[in-house]
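Student: Residues or ranges marked as ATP binding site by Swiss-Prot on the basis of sequence analysis: 11, 12, 13, 14, 15, 16, 17, 18, 19.
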């Protein structure tokens, strides 16, 4: 029987975390927990209820009454209550404002508690900004993905074009730099590499190369 370890994958926006985490989870038959989708779902809740993204108390009060859940599938489905929000939380409106919502300490604390519950049984791959440092500090394998701003903007540009969104590469670079600044400098659970995390620069690597590297590291932990 496969040892059910916890794998934490952190890194900045568009570093390839979610794509790689899904592949790793599928290969290991682990559960994938998309914490970014949880923050996006909370941002969507604020938008839907006309609550300002800066209104921490208002959003926190709504979150207390809201169930966010995942359902497996070829593409993992995300639900807010009974509403499937898988597509809408990837909209540009949500993408451009999620860092504001994610910077609120009470929101991070509430979601971190939920994320820790997901991980109690092990056998999970969780990606985000503070998984290895705050959510799962005892994860058996911690990965920190990096890539240049130019490469990340290019990836996001291709993603947007594939979804039919008009794209401006220079604007995307600017947005990613702004998102990095917010993520790295926020007071509560900023984006940073855990001391025991393994850094992987994905700038010149394919998705499969990154996934295979993490799988090799995971196999060492599982078989140890």
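Each position is counted from 1, following the chain as shown.
Each residue, glycine too, has its Cβ placed from N, Cα and C.
These numbers come from a predicted model, not from an experiment.
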Student: Other than 11, 12, 13, 14, 15, 16, 17, 18, 19, which residues of the same chain sit close to ATP? List them in sequence order, counting a residue when its Cβ is within 8 Å of the Cβ centroid of the site.
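Tutor: In sequence order, the nearby non-listed residues are 20, 127, 145, 147, 152.
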Student: Starting from the Cβ of residue 17 (ATP binding site), draw a 10 Å sphere and report how many other Cβ atoms land inside it.
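Tutor: The answer is 27.
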Student: What kind of secondary structure is residue 13 (ATP binding site) part of, going by DSSP in three states?
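Tutor: Reduced to three states, the DSSP call for residue 13 (ATP binding site) is coil.
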Student: Return the residues near residue 11 (ATP binding site), defined as same-chain residues 6+ apart in sequence whose C-beta is under 8 angstroms from its C-beta, sorted by sequence, else 'none'.
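Tutor: In sequence order, 17, 127, 129, 143, 144, 145, 146, 147, 191 meet the Cβ cut-off.
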Student: Tell me the Cβ contacts of residue 15 (ATP binding site) under 8 Å, same chain only and six or more apart in sequence, or just say none.
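Tutor: Same-chain residues close to residue 15 (ATP binding site) (Cβ under 8 Å, separated by 6 or more) are 145, 146, 147, 152, 202.
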